[in-house]
Amino acid sequence: MISPDAARNVVGIIGNVISFGLFLAPVPTFWRICKRKDVEEFKADPYLATLLNCMLWVFYGIPVVHPNSILVVTINGIGLLVEGTYLLIFFLYSPNKKRLRMCAVLGVELVFMLAVILGVLLGAHTHEKRSMIVGILCVFFGSIMYFSPLTIMGKVIKTKSVEYMPFFLSLVCFLNGVCWTAYALIRFDIYVTIPNGLGALFGAIQLILYACYYRTTPKKTKAAKDVEMPSVVVSGTGAAAAAGGGNTGGGSISVTVER
């Protein structure tokens, strides 16, 4: 019989693979930006928000905050590189006004992270307190971002069209939420359960809406169906013992598509 830790380890690895794949979801959008050398109406906000979440989870996973959480650091470290690349492309092809706004938001995020790091390391002196404080921040910001699909779901209901809510992305996001919720429930972890439970719930609602409205969606439209990623959240807490005593990290991603 497989042990709970081994089962959780397997689920965690699957979740990390899905999380990495979803980090790459906006590639078509940025390929379009590079080809046209223009960001058009796309916004940097989702990628700036994801960058902050990745920074928080990387900090959460380092040994001085939550020991033996290597997969938390690796998946979110990869996320930092991916989101940083997206933002660099966005910066290169944005007008000066958007560039200034990006720099301002990024500056605020860096100041916030510095405050969190100093506050946690100097004010909390045990791993339990440090992981609790940073974990709560991660859950708070991650849960807020999970409400972004409400906009596109409202649009689907209003237009009776799922044109801008692709089935594949909705399905993968649902499976990702279910995967990490199962991971969290094997050995209950509140920090992973809350955001991923929301992810599974909203993913299920999107699939239900797709089933209801895909027949009424126009088969051909003039608008390009470019994939924008308003919110992508990768979260994790070390909990399952990996080989050699390490723990795996959880991940949750919400992907919605906007015109």
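Start at 1 and count along the chain as shown; that gives each residue its number.
For all residues, glycine too, the Cβ spot is worked out from N, Cα and C.
The structure displayed is predicted, hence computed values, not measured ones.
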Arg36 / Tyr213 share membrane side in Swiss-Prot: yes
Contact call for the transmembrane segment (46-66) and the transmembrane segment (166-186): at least 3 Cβ pairs under 8 Å, seq gap 6+: no
Selection from 10-30, 70-90, 104-124, the stretch that has most Cβ pairs under 8 A to the transmembrane segment (166-186): 10-30
